[in-house]
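A.B. asks: Just passing along the structure, written as structure tokens.
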Amino acid sequence: MTIAVGKFTKDENDLFDIMDDWLRRDRFVFVGWSGLLLFPCAYFAVGGWFTGTTFVTSWYTHGLASSYLEGCNFLTAAVSTPANSLAHSLLLLWGPEAQGDFTRWCQLGGLWTFVALHGAFGLIGFMLRQFELARSVQLRPYNAIAFSGPIAVFVSVFLIYPLGQSGWFFAPSFGVAAIFRFILFFQGFHNWTLNPFHMMGVAGVLGAALLCAIHGATVENTLFEDGDGANTFRAFNPTQAEETYSMVTANRFWSQIFGVAFSNKRWLHFFMLFVPVTGLWMSALGVVGLALNLRAYDFVSQEIRAAEDPEFETFYTKNILLNEGIRAWMAAQDQPHENLIFPEEVLPRGNAL
């Protein structure tokens with residue numbers, strides 16, 4: 001019996017090998033298998049957004065002007081969510097709502113579902129791109145893992161939250177002022193700023209900004225392998241083997257400032273990864289809770305005392321009154337399909353009034 005030792009080689013490359021060779025070859029812009037998902041989805045999402053903000057009105061869904069064609073600017077234009085009556089319909093162009101009529105599809109808000117779904121899969125494609133490239137050059141996949149934070153936030157805010165509510169109508173529209181309106185809505189109807197998951201998200205994002213600033217400044221402060229270039233960006237040879245800054249000096253400096261300091265580069269950089277990604281994930285979990293109408297902290301004893309005693313008021317009770325005002329003033333204009341009318345006497349007023 002003969003035993004052949006070695007690698008099995010095929011006489012001919014099959015279709016998979018041909019595609020793999022073309023997709024993953026070295027070129028200026030890497031394509032890869034992930035590019036089959038990333039590039040079409042990103043193209044359609046961005047293209048749909050530009051089309052909507054340029055030409056498409058929100059008159060039929062929100063009673064608003066939302067395009068450059070109607071006189072909006074970059075801050076006020078948006079691709080608006082479908083009407084509440086359409087609930088969670090995917091609003092496919094060939095579906096029963098639009099029936100292949102592109103104009104009707106745009107009027108119904110079909111561009112929003114188009115942008116949201118292609119955007120979500122585009123972000124997932126970008127994360128897979130980082131996985132694929134990391135594997136190709138034999139790096140660990142922490143970049144892709146970190147990018148799961150923005151994906152979690154996007155999916156929770158634009159997809160999971162409206163799925164928990166009555167329809168896509170209550171998701172954010174894709175525009176600057178539209179996002180601001182959504183933030184006010186979250187505060188008024190969910191008291192979002194008093195939600196512990198929002199607090200963790202703020203701590204993560206702002207803490208990461210602080211860490212980034214401190215880290216960048218510290219490295220700049222402790223450079224020692226300086227060259228003779230005209231400025232910092234030309235002074236270093238990118239292929240030099242040795243490091244260009246002193247971790248020991250940085251450790252000594254922050255030990256004197258705070259009494260404690262990072263002494264290990266791996267722990268330092270993992271912490272800089274952990275803080276923002278955890279913050280984003282906590283925010284995403286909080287929004288999933290809001291989709292189910294879970295409440296934030298309620299300090300009922302303060303509300304009861306404020307209702308009984310006109311002279312007792314806290315920042316919490318003032319915020320509760322502000323939230324009531326947001327709901328009363330916002331609901332009527334934000335949900336015109338409900339035909340809400342609030343008499344002047346039921347609109348909330350603070351104790352000072």
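FYI, residue positions are counted from 1 along the chain as it appears here.
Using the three backbone atoms N, Cα and C, a Cβ is placed for every residue, glycine included.
From Swiss-Prot, here are the annotated features:
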type: BINDING; residues: His118; note: chlorophyll a ChlzD2 binding site
type: BINDING; residues: Gln130, Asn143; note: pheophytin a binding site
type: BINDING; residues: His198; note: chlorophyll a PD2 binding site
type: MOD_RES; residues: Thr2; note: phosphothreonine
type: MOD_RES; residues: Thr2; note: N-acetylthreonine
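A description of the local structural setting of each listed feature is requested, covering burial, neighbours and distances.
C.D. replies: Annotation note: His118 (chlorophyll a ChlzD2 binding site) sits in a helical segment as assigned by DSSP.
Sequence-distant contacts (6 or more apart, same chain, Cβ under 8 Å) of Asn143 (pheophytin a binding site) comprise Gln130, Ala134. Taken residue by residue with DSSP, Asn143 (pheophytin a binding site) is part of a helix.
The C-beta environment of His198 (chlorophyll a PD2 binding site), restricted to residues of the same chain at least 6 apart in sequence and closer than 8 Å, consists of Trp192, Ser283, Gly286, Ala296.
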A.B. asks: So of His118, Gln130, which of the binding-site residues has the fewest other Cβ atoms within 10 Å around its own Cβ?
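C.D. replies: So among His118, Gln130, the binding-site residues given, the one with the fewest Cβ atoms within 10 Å is Gln130.
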